[in-house]
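Novice: The domain 'Prepilin type IV endopeptidase peptidase' annotation in TrEMBL covers 10-108. Feature annotation from TrEMBL assigns transmembrane segment to 27-43, 50-73, 97-118, 151-168.
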Amino acid sequence: MFLYGELSVVISAMAVWMDLKDASVDNGWILFSFMIGFLIQITENGPKGGVIFLAGVAVPVLLLGILFIFHMIGAGDIKLLCALGGIMGPRTVMECIVYSLLAGAGISLAILISTGGIRRRFLYLYQYMNEFYCTGEIRPYYRKGMSFPENFHFTVPIFLSAVLYAGGVY
């Protein structure tokens, strides 16, 4: 577990750095992280490790795919969680996702409170969902040209969740 935790922190920290620097996570880094996760699982668990790896990779796609379809989460965030899932396994990556979402909610709430945009944001969410319900059209959730942050880098809450994992919280 110690190796898994430390590795998860390093992988997610690099992803945060890339995301803040370039607004994307390099696919080469994701591929490298996948390979490391696969090798660790195979080395520690034999052929069963391959199954653990694949299940861990699949969980983020299955749980967060709908958010990606509605452009509420980026592909890099899901790929990072898939790479972490390959290392952590399916059960632990589910916990990682929960802690990431909680950290993300906290960050979002802080942004909304500091900018005074809570009412406006919930109104936009209502209008967005109503438009989807009426038209069936999926369009990006975010708006451009806003005076306050429209989104934030979800790699940050993923990193915070990885730190909690390395610290033994889950």
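Backbone N, Cα and C atoms are what each Cβ position is placed from, and that goes for glycine too.
Where the annotation comes from TrEMBL, it is an automatic prediction and has not been curated.
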Novice: Can you tell me which parts of the same chain pack against the transmembrane segment (151-168), counting only residues 6+ beyond its ends and a CB-CB cutoff under 8 A?
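Specialist: Same-chain contacts beyond the flanks: 1, 4-6, 8-9, 11-13, 15-16, 19-20, 23, 25, 73-74, 76-77, 80-81, 84, 88, 92, 95-97, 99-104, 107-108, 111, 142.
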Novice: Give the residue counts of the domain 'Prepilin type IV endopeptidase peptidase' (10-108) per reduced DSSP state, in the order helix, strand, coil.
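Specialist: So the counts come to 88 helix, 0 strand, 11 coil.
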Novice: Could you pull the average pLDDT for the domain 'Prepilin type IV endopeptidase peptidase' (10-108)?
Specialist: 96
